[in-house]
Amino acid sequence: MAVEPPTKRKCLGADCDNDAGSLQCPKCLSLDIKDSFFCSQDCFKRNWSTHKSLHKQENSILSRIFPPRVISKPDPDTGFYNPFPTFNYTGPLRPVYPLSPRREVPKSIPYPDYADDGIPKYGRSMGRPNKIELLDAKAQNAMRKVCRLAREVLDIAAAALRPGITTDEIDEIVHNACIERNSYPSPLNYNHFPKSVCTSVNEVICHGIPDKRVLLDGDIVNLDVTLYHEGYHGDLNETYYVGDKAKADPDTVRVTETARECLEEAIKLVKPGTLIREFGNVIEKHAKSKGCSVIRTYVGHGINSIFHCPPNIPHYAKNKAIGECKPGMTFTIEPMIALGKYRDVTWPDNWTSTTIDGKKTAQFEHTLLVTETGVEILTARKADSPGGPLVPETEKPQTAVESLTAKTEKLETVESSNAEAEKTE
């Protein structure tokens, strides 16, 4: 029986079509990541800024399998407890356990490849070439559909936000809304994430785990929703004000609206030919103009039939991201903006990432499709979507009555001044 010759390995460098040589990433070897080959030392160096992200992802999988050992005793009245009582938290937020049991997804709904064992089979690791997929018309329509459904789910969850609701209740709302749309909630069991949505409150940058903590008047909370529907993922998030106190606090409004504006400014650049690294330049410039910083640890990402795939989209200036926008690409831009320092600290749950100084942070995200002429925002807000920009009183446009009143008052002032001048003469 004839045997086909072995397929030649391809270089993992982005936009590199060369066959790989014998050069392997030494860090990948130490982490037992197979087939991490490059064609040359120069190609390896050029791709290092994006390639190294898989080291953190691969290294964290085992730590997410085993629960932390140290927990405090449950409160005898409520049964609630802090699972990490000795941890040096950077801000006032604390986890409130126990977590509710993992929510079930009917077997009739198609699952992503990681749903059962928690380990994604495709993406940046496992030696998959670092190539950016360009979607055909059928795949683009599939992305439009799942992103529309994801927007519906986020809006449903956002409409339920109020002081007094727990983030676990929000998780239940999101989970049920996904099931009703014959969709799998993508975060559930992705690298063993225990819930169906990420709920990041106040100083939490991202990946907050829904628990029994009650949202308070004055909080801000980011809801990060992703659906898996008919083989494709749709991903978006927004930060919302909880109660009137949050809307009345200048710093809270500043960081939230700055994050929203940073995303809007970056999206303006999306079109064929735009370099991936340019998004970070405009985001950081705008953030700094508002006295805020840009989180550097977490990036936007490619998304299609795979939850997280190339390209990486850094949000900070002077990054070394490789590649340019091409028609058919789908990816997220999701800047995380902080009032204080940009560095982060991760809780012992190996998911919850907080600012190093405990100051508030906000984030917004859209899934985008690069078209022949520009960009299509697949997860765009609808006219009735909850939330939206909070315009300071000083910047609100005047109503017709307010404008007429202002003009009348100005005219009366002028007439009074003229009368006084005539008396003087």
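Every residue gets a Cβ built from N, Cα and C, even glycine.
Per TrEMBL, the features are:
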- HIS207, HIS308: protein binding site (BINDING)
- ASP224, ASP235, GLU365: Zn(2+) 3 binding site (BINDING)
- ASP235, HIS301, GLU334, GLU365: Zn(2+) 4 binding site (BINDING)
- 8-62: domain 'C6H2-type' (DOMAIN)
- 382-425: region 'Disordered' (REGION)
Which same-chain residues, if any, lie at least 6 apart from GLU334 (Zn(2+) 4 binding site) yet have Cβ under 8 Å of it: ASN237, LEU263, TYR298, GLY300, ILE313, HIS315, GLN363, PHE364, GLU365, HIS366
Cβ-Cβ neighbours of HIS301 (Zn(2+) 4 binding site) (radius 10 Å): 22
From binding-site residues ASP224, ASP235, HIS301, the one whose Cα lies nearest HIS207 (protein binding site): ASP224
Average pLDDT across the domain 'C6H2-type' (8-62), rounded to a whole number: 68
Candidate with the highest Cβ count within 10 Å, taken from the binding-site residues ASP224, ASP235, GLU365: ASP235
Residues close to Zn(2+) 3 site centre defined by ASP224, ASP235, GLU365, Cβ within 8 Å: CYS198, VAL225, THR226, LEU236, ASN237, THR332, GLU334, THR367
Spatially closest candidate among ASP224, ASP235, HIS301, the listed binding-site residues, to HIS308 (protein binding site) (Cα to Cα): HIS301
Pairwise CA distance, HIS301 (Zn(2+) 4 binding site) versus ASP235 (Zn(2+) 3 binding site), rounded so that it is a whole Å: 10
Other same-chain residues whose Cβ falls within 8 Å of the Cβ centroid of ASP235, HIS301, GLU334, GLU365, the recorded Zn(2+) 4 site, in sequence order: ASP224, LEU236, ASN237, GLY300, ILE303, PHE331, THR332, ILE333, HIS366, THR367
